[in-house]
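Chemist: Please read through the structure below; I'll follow up with questions.
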Amino acid sequence: MPEAILDDISHRRYNPLRGSWVLVSPHRTKRPWQGQQEGADKVELPSHDPACYLCPGNKRAQGDVNPKYDSTFVFVNDYSAVKEQQEEYQQPEQDGSLARRLLRAESTTGKCYVITFSPEHNVTLADMPASTIIPVIDTWTKIYTSHIDPHSPLAKAAKPTTLPPSAPNGHIIDQPKQQYRYMQIFENKGQAMGCSNPHPHGQIWTTTSLPEEPEAELSNLKKYRREQGGCHLLEDYAKLESEKGERTVFENSSFWAGVPWWGTWPFEIMVVAKEHKRALVDLDQQNKEDLAEVIAEITKRYDNLFETSFPYSMGIHQAPLTGTNEEIEASHFHLHFYPPLLRSATVRKFLVGYEMMAEPQRDITPEQAAKRLRDCGGVLYRTKP
C-alpha cells in the first residue's frame, strides 16, 4: 500500500501526463447523500429493434438503409460535429487591436464516423467475448490506417487496409479529401453519458486540429522523453504500476489496466501498452488479442461492481495522423475509461463547484477503487443462473 497516512488525510496527487493536480479527500466517503440519483439501468432490450437507426437492415434518420451486417459496421455520421467541406474563414487583419488579441477563431474541418460493435441490439462490450471485440479493434485500425499521412513514420508500420477503397460488410467509407491532424476514437455508454442510442457503438472524429486533451498529453510525453534520455513516460508508468500492484485491476502480457495514481473519476481506468506502441498500427495480432481481453475484463468488472450496465466514456489516445517525428515517436498508445458512478448504480459524481472553479477532486482513493474492481472479476452478473 502507499503511505498509510494518505488513506486518511486530504492531499493532492500530480498527473505527469497532463501536468495537473487532483485533490483527494478520502474522509468524505462517510458523508450522507440526499442529492440526485440516477435511474438504474434495468431495461431489457430485444436483439433487433425495428425502430433502431443502427440495427442491420434498418433505415437511418436521413433515409439511408443499413446493410444486413454481421460484425462491425461503419458509416459517416449523419449529424457530424465537423464538416468535411465548408466556406473558408480567415481571421480579419486587425493588427494591434484588442479584437485581434482576444477574439481568436480558426476554421476546423474533419469527418465523423459511427462504428457499431455488433449487429445485436441488446449487448454491450461487457457481454461480448474477447474474440468478438477483436473485429472492433481491427476496424478501428483500418480506419486509422486509411487516414495516416503517407509521409508519417507510422505509414511504414501500417499494413494495407481494405477501408477504403473496397468496403467489406457494407462499410460506407470514402478516402478523406484532405490530410487530417488527429483521429479521436471513443465510446459513450449509457444515458448518463449522453448516449442517444443503446445499440453498442462508438464514434470516430477526425479533425484538421489537434484537440486540447491529446495535445496536453503529447506535450508532457515529449518533455519526459527529452528529459529522461529517450525513455517513455507511460512505458515507465506501466512498469511501475505492474510492480506495485495496488492500483492494478487487470493486466496481461501486452497491457496494464488500473486506476491511475492521479485519477479524477471514482472508478477511472487507464489501459496502457507495456511496451512502446505509438498507435493502433503498431499492434501485432497478440497485442490485439490482449487488448480485446483487457476491454472485456474492464467492462465486465464495471457492470459487476454495482450490478448494472455501467455508464462510461472511453477513448483512445495515440499518435497524431500527421506530425513531426518527435510527436510521433513520443506518442504512446493508451485508453481512458471515465465512468461517473460513485456510490451505487444510482449515485454519480458531479464535477461542479470547486472542481470547476479550482481543480478536480475525488473521495474514494485510487487504491480503494482498484481493489473493489479487482474483486469484481468472474462471470458477468446478469448471466448467472
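Glycine residues also receive a Cβ, built from the backbone N, Cα and C atoms like all the rest.
Pulled from TrEMBL, these are the listed features:
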type	residues	note
DOMAIN	8-211	domain 'Galactose-1-phosphate uridyl transferase N-terminal'
BINDING	28-31, Ala61, 77-78, Asn188, 194-196, Gln203, 349-350, 354-355, Gln361	UDP-alpha-D-glucose binding site
BINDING	Cys52, Cys55, His121, His199	Zn(2+) binding site
ACT_SITE	His201	active site, tele-UMP-histidine intermediate
BINDING	Glu217, His317, His334, His336	Fe cation binding site
DOMAIN	218-376	domain 'Galactose-1-phosphate uridyl transferase C-terminal'
Chemist: Return the average pLDDT for the domain 'Galactose-1-phosphate uridyl transferase N-terminal' (8-211) as a whole number.
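Modeler: Mean pLDDT, the domain 'Galactose-1-phosphate uridyl transferase N-terminal' (8-211): 86.
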Chemist: Inside 10 Å of the Cβ of Lys349 (UDP-alpha-D-glucose binding site), count up the other Cβ atoms and send me the figure.
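Modeler: Taking all protein chains shown, Lys349 (UDP-alpha-D-glucose binding site) has 20 Cβ neighbours within 10 Å.
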Chemist: For Glu217 (Fe cation binding site), what is the tally of other C-beta atoms lying within 10 angstroms of its C-beta?
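Modeler: Other Cβ atoms within 10 Å of Glu217 (Fe cation binding site): 23.
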Chemist: Based on Cα distances to Asp78 (UDP-alpha-D-glucose binding site), point out the closest of the binding-site residues Cys55, His121, His317.
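Modeler: Ranked by Cα distance from Asp78 (UDP-alpha-D-glucose binding site), first place goes to Cys55.
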Chemist: Other than Cys52, Cys55, His121, His199 themselves, what residues in this chain have Cβ atoms within 8 Å of the centroid of the Zn(2+) site's Cβ atoms?
Modeler: His48, Asp49, Tyr53, Leu54, Asn58, Asn197, Pro198
Chemist: Other residues with Cβ within 8 Å of the Cβ centroid of Glu217, His317, His334, His336 at the Fe cation site?
Modeler: Leu17, Glu213, Pro214, Met270, Gly315, Ile316, Gln318, Leu335
Chemist: Tally every other Cβ atom lying within 10 Å of the Cβ atom of His201 (active site, tele-UMP-histidine intermediate).
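Modeler: Summing over all protein chains shown, His201 (active site, tele-UMP-histidine intermediate) has 21 other Cβ atoms within 10 Å.
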Chemist: Output the one of Cys52, Cys55, Cys195 that, of all these binding-site residues, has the highest number of other Cβ atoms within 10 Å of its Cβ.
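Modeler: Buried the deepest by this measure is Cys55.
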Chemist: Out of Asp78, Glu355, give me whichever of these binding-site residues has the highest number of other Cβ atoms within 10 Å.
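Modeler: In terms of Cβ crowding, the pick is Glu355.
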Chemist: Once near-sequence residues are set aside, which residues in the chain of His317 (Fe cation binding site), 6 or more away, have Cβ atoms under 8 Å from its Cβ?
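Modeler: Sequence-distant Cβ neighbours: Glu213, Pro214, Glu217, Phe333, His334, Leu335, His336.
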Chemist: Does His199 (Zn(2+) binding site) have same-chain partners at least 6 apart in sequence with Cβ under 8 Å from its own Cβ, and which are they?
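Modeler: Looking at Cβ-Cβ distances below 8 Å from His199 (Zn(2+) binding site), excluding near sequence neighbours, one finds Asp49, Cys52, Tyr53, Leu54, Cys55, Thr116, His121.
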Chemist: Which of the listed binding-site residues (Arg28, His336) has the least company, meaning the fewest other Cβ atoms within 10 Å of its Cβ?
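Modeler: Candidates: the binding-site residues Arg28, His336. Fewest Cβ atoms within 10 Å: Arg28.
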Chemist: Would you mind checking how many other C-beta atoms are within 10 angstroms of the C-beta on His121 (Zn(2+) binding site)?
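Modeler: I get 21 for this one.
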